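Chemist: What follows is a structure written as structure tokens; I'll ask about it next.
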Amino acid sequence: MDQFPIMGVPDGGDTAWMLVSSALVLLMTPGLAFFYGGMVRSKSVLNMIMMSISAMGVVTVLWALYGYSIAFGDDVGNIAGNPSQYWGLKGLIGVNAVAADPSTQTAAVNIPLAGTLPATVFVAFQLMFAIITVALISGAVADRLKFGAWLLFAGLWATFVYFPVAHWVFAFDGFAAEHGGWIANKLHAIDFAGGTAVHINAGVAALMLAIVLGKRRGWPATLFRPHNLPFVMLGAALLWFGWYGFNAGSATTANGVAGATFVTTTIATAAAMLGWLLTERVRDGKATTLGAASGIVAGLVAITPSCSSVNVLGALAVGVSAGVLCALAVGLKFKLGFDDSLDVVGVHLVGGLVGTLLVGLLAAPEAPAINGVAGVSKGLFYGGGFAQLERQALGACSVLVYSGIITLILALILKFTIGLRLDAEQESTGIDEAEHAESGYDFAVASGSVLPPRVTVEDSRNGIQERIGQKVEAEPK
């Protein structure tokens, strides 16, 4: 049996790529904050941003204490990793200098590794996934969830839902631990970068939390329009940029797999944006800025699990399917009566399901996740039968059911103990004022565009003199 973590010398190129990828994935959370912040009303923008940013604090602390160990420790009962194995990241941070290499007379330095990477780099990379998964949920509960309840929910959900599910999906045998999770190693469902662990997981959690919390006051009779579409588009652009670290970085090496996933991610995202806009045009007669931004995110979500298993045509199919289906799915909340404020269910749950299941149809024999890989099959459209589709469906359903049940339990516990929701007066005032005693747009009152009723030539001359430090003398009467 190998001793974990394995000690060795990391690959410099892989390490550099993964450090950049980790930073790119972290950038996605501020991008999400802008994306969500622009979609709410002006009196909720700060709270929406705060929910994303605060997830960075809560999840990071828990990840360092026990989260990484639950996600990537040795498997315990097919449920989670050993929480004590890497408690406080023990055994992962440190340098062991050994005797000089006789051939070069230079000191070789062994450090804990995850594959070819320093273990600390892999810890950081996976932390960023945990952060944004929690932050995604916040979009479903805009305008009405107490901030303190959100912080507590974020910690509990990360502990009991995300960390175990990440173990199922991302903990491959012999990488960070000897025995990893069952979806990755026994079921052999393909989820390259988190269609199940991130998007289906967060999407169904958002649905459960929104149902327990209840509808916004006045919804759906009152339409809650985005207050800042430039914020929304800026957020979508940052998400697209950061997603290259998310998908291509999941190769964990600077190689052709990273390159292939970079390309398929780009193609699918572009196709999804066009698919969403076309759907809007046919259905509503207009193609909107919000639709373009939402289509971008839908494409990124759908290609996440499939980016290493499809070719160019497959990426186009994934993107178009996600753009059209997610554009249609966001209307389900009006028919079914649940208030998913910012369409987390329609984009992330539906998009994650689309991308995960399409692997079973479109997995190409030449793709990196299929070619020469044991335990997986080509997609149905390439003559592989239903085997891979069945694996994909079982993996997706397992995450959906587990996350849905545990999230429902956590939400109900919080509702009947500390309470989840603002009161009616606070909701009417606005959650920014009620929870943070701030407003995102206070500066507008003192805008430079507010001028005196009459400005004379003398006023202008005196103003210029004051700016350059000259004494202002009164004009003789």
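The backbone N, Cα and C atoms fix where each Cβ goes, glycine too.
These figures come from a predicted structure and were not determined experimentally.
Feature table excerpt (Swiss-Prot):
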| type | residues | note |
| --- | --- | --- |
| COMPBIAS | 468-477 | compositional bias 'Basic and acidic residues' |
| REGION | 457-477 | region 'Disordered' |
| TRANSMEM | 16-36 | transmembrane segment |
| TRANSMEM | 53-73 | transmembrane segment |
| TRANSMEM | 121-141 | transmembrane segment |
| TRANSMEM | 150-170 | transmembrane segment |
| TRANSMEM | 192-212 | transmembrane segment |
| TRANSMEM | 229-249 | transmembrane segment |
| TRANSMEM | 257-277 | transmembrane segment |
| TRANSMEM | 290-310 | transmembrane segment |
| TRANSMEM | 312-332 | transmembrane segment |
| TRANSMEM | 344-364 | transmembrane segment |
| TRANSMEM | 394-414 | transmembrane segment |
Chemist: Top stretch among 53-73, 229-249, 290-310, 344-364 for CB pairs under 8 A with the transmembrane segment (192-212)?
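Modeler: Comparing 53-73, 229-249, 290-310, 344-364 against the transmembrane segment (192-212), the winner is 344-364.
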Chemist: Using a Cβ cut-off of under 8 Å, list the residues of the same chain at least 6 residues beyond the transmembrane segment (312-332) that approach it.
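Modeler: Those are 263-265, 267-280, 283, 291, 294-295, 298-299, 301-303, 306, 343, 345-347, 350-351, 354-355, 358, 362-364, 367, 379, in sequence order.
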Chemist: Need a quick answer: max count of Cβ pairs under 8 Å to the transmembrane segment (16-36), which of 53-73, 290-310, 394-414 is it?
Modeler: 53-73
Chemist: Would you mind listing the long-range same-chain contacts of the transmembrane segment (290-310), meaning Cβ under 8 Å and 6+ residues beyond its ends?
Modeler: 35, 39, 190-196, 198-199, 226, 229, 232-233, 235-237, 239-240, 243, 246-247, 250-251, 257, 260-261, 264-265, 268-277, 279-280, 317-319, 321-323, 326-327, 330, 343, 347-348, 351-352, 354-356, 358-359, 362-364, 367-370, 379
Chemist: Six or more residues beyond either end and a Cβ under 8 Å away: which residues meet both conditions relative to the transmembrane segment (394-414)?
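Modeler: Residues 149, 152-153, 156-157, 160-161, 164-165, 168-169, 183, 187, 189, 191, 195-197, 200-201, 204-205, 207-209, 212-213, 349, 352-353, 356-357, 420.
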Chemist: In the same chain, which residue numbers or ranges, 6 or more beyond the ends of the transmembrane segment (344-364), come under 8 angstroms Cβ to Cβ?
Modeler: 136-137, 139-140, 189-191, 195-196, 198-200, 202-204, 206-207, 210, 294, 297-299, 301-306, 309-311, 314, 317-318, 321-322, 325-326, 329-333, 338, 370, 376-382, 384, 386, 388-393, 395-396, 400
